Each structure stands twice: as C-alpha cells, then as structure tokens.
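Engineer: Please find one structure pasted underneath; my questions will follow.
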Amino acid sequence: MTGEFQVVRLLPTLAGLFLLLVAWRAGTRDVGVWLLCSGVGVAVPAVMMLVRTLGGLEKLRGLARIVPSRALVQGAVAALPTAIGAQVIYRLDSVVVAAALPTASVAFYGVAATASLTCTALGQAVGMVAFSRLRHARGADQQRLLIQRGVKWALGVAAGVALPVTILAPDLITLCYGREFLPAVDPTRTLVLAAIPLSADYLLIHALLSLSGQRSVYRTQALAATLTVVGLCVTVPTGNLALVATASIAIYTLSATLMFSAVMRRTAPHHVTVVDQQ
C-alpha cells in the first residue's frame, strides 16, 4: 500500500520535472513550452495509472462501470469547500503581494514562497506515508496512533529542512539567485519556518475528512481565512515582507493546533460509541 501510494504521488511530478529538464537542455526558454511539458509530464503518467487501477483498457469499454458512485460524489462535494479554503489560506498572501506591492517585492516574496513550498512538500511526503494507512486502521486507537506518528514525522522532517535553510538563507539565495535578491532573506526565513506547521495542517485536513470531520475543518478554515484576510489588510500596506510572512506562522500554527485537537477528540476512546455532531 505505502509503495503504491508513493508511486502514484511522485511519478507524475518526476515525469513533469524530467520533461522540463529536457526542454531546458534543448535550449527552449519559451514559458508556454515549459508549461506544456509540465502538464504533459504530469497528465500522461497519471492517466496511465488511472487506467491500470480501473482494470485496464478492456474495463473502460463499459462506461457505466466507471461512473462514480453516489457515495464518492457526496464525499467529493463535502471535501470541495475544504480544498477551496486551503487555497485561500495557503495562497492568498502571494496573490495579494503580487497585486499590491512593487515588482521587486513580488520577486523577493516569490523566492521566499518557493523555499517554503520545498520544506512543506518534504514534510507532507513523509507524513503521507503514515496517513496512507489510515483507511485500513482497525479501530480508533490505531487511527489515533497513525495520525500522531504522521504528524510527528511531518513536523520533524519539515523542521529538519527548515532550520538549516533559515540559517543558510543568505548563502543559498546568493548561490541560486544572486546578491540582488538578498532582500528576500528575511521573508524567506519567516515563510520557511511557517512551513513547519503548514506541513502538518495539510495532512490533518485529510485526516479529519477521512474521519467524517468536515464540519471541524469548515470551522477551522473559516477562522483561519478570516484571520488571513485581517492579517494581510494590516501587514501588506506596510510593505514589510517579513511582517507579511509572520502572519502566516501564527495562522498556520493556530489552524494546525485546532485541527490536531479535533482529530484527537474524534479518535478518543469515548467516541467509539458516541455519535459526533462536529
């Protein structure tokens, strides 16, 4: 299960990266070609794995057999608001910075966001190994243990990457982008630290969804989104990128803490026989 999960998750991304490298080595600098290579590299392996999962091309002949079940559609509809909420909370700062601040500030914040994304992805990848076993867990106790283990791994790996990056940020930015981008050091350090709670927050959303805890996710995301908007309204006009990024640390930490508390409540022993109204 774990090996297949990681293949499904990583292969499309690696294929897209491979085609991007091929385009770069071929001398192509057209952004449109890069986007096409990235899209094709992700889509083709994903479609191939989907066909294999459905039983091969022969199974696809009967279209009725692959129509999503009502339960699947209902689950997807219930999860859709959480996906939208996550994008608002995780991406709104970059959108507002791009719309409201000068081009140089946008570039510096983009450097910081890229570094943060790398740390977050590594933490989530490790946590997902444990979370991929959640649906097969036997009882609330095992679910609780798997979630705790996944969160610990996600936080540990994200912190293990984020802390060295925070210390070495000036050297890394100079090496990758040049000394002209040194103003990106402070927001990079801040957003990289924000990646630590963010790596767990993303996983806990999926844990709650698998435990039928959509309402807990909705409430937490509504609070986090409201605080995000308020924080951006206060910090963006200052033009201080590190201050803008600091709001992310506070909001991600609060969200992850509330999500984790909700998961622990839903997997507590007394919930085995009590109907949760969250």
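Cβ coordinates are placed from backbone N, Cα and C, and glycine is handled just like the others.
According to TrEMBL, the feature transmembrane segment maps to 7-26, 32-51, 71-90, 106-131, 151-170, 190-209, 221-237, 243-263.
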Engineer: I'd like to know if the transmembrane segment (190-209) touches the transmembrane segment (106-131) in this structure, counting it as a touch only when three or more C-beta pairs sit under 8 Å and are separated by 6 or more positions.
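Structural biologist: Between the transmembrane segment (190-209) and the transmembrane segment (106-131), which are separate recorded stretches, there is contact, as judged by 3 or more close Cβ pairs.
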Engineer: Counting Cβ pairs closer than 8 Å, which of 32-51, 151-170, 221-237 has the most of them with the transmembrane segment (190-209)?
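Structural biologist: Selected stretch: 151-170, with the most Cβ pairs under 8 Å.
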Engineer: Give the nonlocal contacts of the transmembrane segment (7-26) in its own chain as ranges (CB under 8 Å, at least six residues past its ends).
Structural biologist: 33-34, 37-46, 49, 125, 128
Engineer: In the same chain, who gets a Cβ under 8 Å from the transmembrane segment (221-237) while lying at least 6 residues past its ends?
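Structural biologist: Distant Cβ neighbours of the transmembrane segment (221-237) are 81-82, 85-86, 88-89, 92-93, 96-97, 100-101, 243-244, 246-247, 250-251, 254-255, 258.
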